[in-house]
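Comments concern the structure below.
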Amino acid sequence: MARPRVLSGIQPTADSFHLGNYLGALRQWVTLQETHDAFYCVVDLHAITVPTEAAALRRRTRVAAAQLFAAGLDPERSTVFVQSHVREHTELAWVLNCLTGMGEAARMTQFKDKSAKFGESAASVGLFTYPILQAADILLYQANSVPVGADQKQHLELTRDLAQRFNHRYGDTFTLPAPHILKEVEKITDLQEPTAKMSKSSSSPAGILDVLEQPGPLRKKVMRAVTDTGSEVVFDEANKPGISNLLRIHSALTGTSIAELVARFDGQGYGTFKKEVAEAVVETFTPIRERTEKLLSDETELDRLLAIGAGRARDVAQRTMVQVRDRVGFLPTS
Ligand code: TYM
């Protein structure tokens, strides 16, 4: 029997992924390649929804792809590709644009947050239709499951709505995708502002742990993470968001349950605990950083792997689009 299909994407908008990306998404991507037919893309078309310099985009797209392989995606088992290499993404996005209501798109909270940052009139139309392109990414591959962090929930709901609307209007075409979100790691928070999501666009770099960062700065950031009043290591999301976040990180990286950690650090204070968290982060990130550097030292090989991924992705995407064009009523090209 065919394996279920999984698809996810990540933006090349920074010089490194961060711990939130890694725990919320990437790590699941690696696990799922064992059981699923896996498609993962670096979403460069999404990256240009905010002002982006060409040289930076080129560099970050390769750095992103290298990190995906370095984190454990196997180019034999997973189809890893760059979104803009498969033209069908923009073509399907157009069709879906025409099925989406203005009000429906305007309700997307990520658009509201980002446009507030740039000022409503400076925000691009691309930023407005961003979630519709994301729906196209997913539906093109008939994905059953989409591993993401909690911040993507609303976009996945829109994707399901659009799939259902298309199927209803034009006949059964798209698989309805389910979000794959792990509760324990769905929202890793900022070390300096532990109630806010760890994010590339966060105000201070001190709050973010980057995958490609050196051990020194990583340790320093963990040791300086904002902690809460008191000195007990206990999990209490409402009153101790800082320590709760560090407990979640420790637990996810070492596989030790939070209850066990709380018992182990009873009476030991924050310092000893933070040191262990820092070591767990350094141990996880160091091999990924080293493999990323190696992959980046041979761009020809990296580009070759991405071309293979794009070829495999295109095969699937083109098959879906033949059906979509016909259902919508576009004449065949020959
Ligand atoms: P992006 O590039 O912002 O983030 C990549 C993935 O990392 C997750 N994530 C987090 N998880 C837990 N805690 C955090 N602090 C944290 N920060 C980020 C995100 O939820 C995401 O899974 N719109 C998507 C990219 C995208 C996509 C797709 C995803 C484009 N097309 C198709 C899935 C399917 C985004 O902005 O991800």
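Cβ coordinates come from backbone N, Cα and C, glycine included.
Predicted automatically and left uncurated, TrEMBL annotations should be read as such.
Note on TrEMBL: of 167-171, 192-196, 197-201, 267-271, the range annotated with the feature motif ''KMSKS' region' is 197-201. Taking a C-beta cut-off of under 8 angstroms and a sequence separation of 6 or more, Gln11 (ATP binding site) has the following same-chain neighbours: Val42, Val43, His46, Ala47, Ala64, Lys200. Proximity of Ala150 (ATP binding site) to non-local residues of its own chain (separation of 6 or more, Cβ distance below 8 Å) is seen for Gly24, Ile181, Glu186, Lys187, given in sequence order. Spatially, by CA atoms, the binding-site residues Thr13, Ile188, Met198 include one closest to Asp137 (L-tryptophan binding site), and that is Thr13. Selection of the binding-site residues Asp137, Ile188, Lys200 by a Cβ distance under 6 Å from ligand 1 yields, in sequence order, Asp137, Ile188.
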